[in-house]
Each structure stands twice: as C-alpha cells, then as structure tokens.
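This report refers to the structure that appears directly beneath it.
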Amino acid sequence: MEKRKIILDCDPGHDDAIAIMMAAKHPAIDLLGITIVAGNQTLDKTLINGLNVCQKLEINVPVYAGMPQPIMRQQIVADNIHGETGLDGPVFEPLTRQAESTHAVKYIIDTLMASDGDITLVPVGPLSNIAVAMRMQPAILPKIREIVLMGGAYGTGNFTPSAEFNIFADPEAARVVFTSGVPLVMMGLDLTNQTVCTPDVIARMERAGGPAGEMFSDIMNFTLKTQFENYGLAGGPVHDATCIGYLINPDGIKTQEMYVEVDVNSGPCYGRTVCDELGVLGKPANTKVGITIDTDWFWGLVEECVRGYIKTH
C-alpha cells in the first residue's frame, strides 16, 4: 500500500484531535509534520492543544506554530463549540512536549520545495498558513500533490447562514487557496455533518480502549453538549477526521467535481463557498466536493486507529 505523505495543518479543536490521532497511526498515512494555525481558539491555545494530544498519544511528529491572525479580517474564535481552551473536556498531564522553533509557513515551503511533488497538504482549520505559504513562495504550487481540506459547504453554513467557520475565519486566505490551481478536495459541512458522534459511537470507542479511546470519549462527550446547544445535533460531527478518512480510502466518500469560488465581499455571504453544483457558470471544476460518506466504514476506520494506540507488552 502506498503511504500518502501529508502535512496536517490544524487548529485543535476537538475534531482536529481525532484527525491527529488517525493520521499519526494509520499505515496508509505518512504524517511528516503538524502545523498549527489560529482558528477554533487563539494560536497560543491551539498550539498547546496540539502538543497535549501528541504527548498523550506519544506521537513523535514535529509540531510547528504558524499564523496567529487571519490575513485581513478581525480574528474570530469558536469558543461556543470548543470552549475556553479550544479543547475543553479532557484533562492532560503537565505539558513537557515543545514545538519546533521554525515557523509553520517556512516549514511548509521548505518541505515542499525539497520534495518530489508527492506531499499532500491537509488543512482542517482556517487556511491562513497555506495561503501565506503560497504567496511567500509561489514555486510551491506545482509541488503540492493535492490539498484535502475541511471547510465550506455547498448548502448552509454553521457560523453564519452562508459560511462555515474555517472559511469565515479567513475568507481571503481561502480565496487564495481556491484560486491557486492546485488540485483540491473539499470536505464541507454537507458531508461532515453526516459524522455525528452519538453516545453509542462514544461507547464503542471506550470499549475499544487504550489512551486514544479514553481521549476520544473525553473529547466527544464535551461536544455532545455544545453541538446540541448550538445546533440541535445529537452529537459532535468529527468534521476534520473525514479528510483523513478520504486519504486512507477515497472510495468511502462520494465526491462531485464542481467549480468553487469563495465570496470575499462584505455582506451576508462573506466567507461562503459558492459551489456550482449544476455547472450553470460553465467554468471548469476546480474542486472535488464531498457529498456522502459511508458512516459504517468511517466509524470502523476510527475504531481501527483507536485500537492502534493500545500497548501490547
């Protein structure tokens, strides 16, 4: 099996933690590095959360801090979902794990420039790090094999009626990425909301056990409450983990090629991913957009990754 080389760019975040857990353990993925961006919470908090997850699960992958602010807009956070720390719920041991000194954007540029064009970028937060890397060094564009991202929606948003949080947090960055010409795969809310993590799924991961089962339970029990309070959902979707699922086996997720444009005009549609589902604009498709996911397969995959952390001495 070919191992997909990836850089995971994230803003941990409850579902980000699940994505890290899966990407670091599954044999189909070669996780080269984790880059952190501000998003669900401010950068100082998302960085600590990423380091905590890596320390708890003994994930020995370098972690790099990136953009603390969006490119243009005033910063927003998703504390209504992720809490004051950005990863409320689990209790971690005192943190000894440290981030690398290199800036995430420099790491992304240097790693891509030294590569053979075989690295996939997996941004599951606001696209600030990726967009700044593209603007700082446009020569990286042909080096990117593919960008598999979590963000947007072809239907309704979740932070405004039009916009999904990751895109709304930095629409200008998203505009840079969606006009880059790099092959894009978008896991938007229409798909990711199919991965609602109900109490029976949490119980299944608890039964699977080990440090990842425990962390999954602590994390997803917290979002049970916030997702119901905010959106009336029966649990928290693991939005970001769908990108890892797609990379492991794209057959589990049905996609449709569409032309996608990010609205950066101020107004009620600011941050909307305008997806030309019917092809009415006549513009060539630039994105594979996730439509449906085989949830039985997906939760089986999550459980497989959880079990991978159980120590056998």
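Numbers run from 1 along the shown chain.
Heads up, the Cβ atoms here are built off N, Cα and C, so glycines get one too.
Annotation comment: Swiss-Prot describes ASP11, ASP16, VAL124, ASP240 as Ca(2+) binding site, evidence class sequence analysis. Sequence-distant neighbours of ASP16 (Ca(2+) binding site) (same chain, six or more apart, CB under 8 Å from its CB) are CYS10, ASN40, ASN49, GLY50, VAL124, GLY125, ASP240, listed in sequence order. ASP16 (Ca(2+) binding site) falls within a helical segment according to DSSP.
Spatially close to ASP11 (Ca(2+) binding site) yet at least six residues away along the chain are ILE36, VAL37, ALA38, GLY39, ASN40, GLN41, THR46, GLY86, VAL124, GLY125, PRO126, ASN166, judged by Cβ distances under 8 angstroms. What Swiss-Prot lists as active site, proton acceptor is ASP11, and the listing cites sequence analysis.
For GLN227 (substrate binding site), the same-chain residues 6+ apart in sequence whose C-beta sits under 8 angstroms from its C-beta are ILE81, VAL196, LEU233, GLY235, GLY236, PRO237. Mapped onto three states, the DSSP output places GLN227 (substrate binding site) in helix. Positions annotated as substrate binding site by Swiss-Prot, on the basis of sequence analysis: GLN227, HIS239.
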Looking at Cβ-Cβ distances, which residues of the chain lie under 8 angstroms from HIS239 (substrate binding site) while being 6 or more apart from it? ASP15, VAL124, MET150, MET187, LEU189, THR192, ASN193, THR195
Take the mean position of the Cβ atoms of ASP11, ASP16, VAL124, ASP240, the recorded Ca(2+) site. Which other residues of that chain put their Cβ within 8 Å of it? CYS10, PRO12, GLY13, ASP15, ALA19, GLY39, ASN40, GLY125, MET150, ASN166, HIS239
So among the binding-site residues VAL124, ASP240, who's got the most Cβ atoms within 10 Å? ASP240
ASP240 (Ca(2+) binding site), DSSP three-state class -> coil
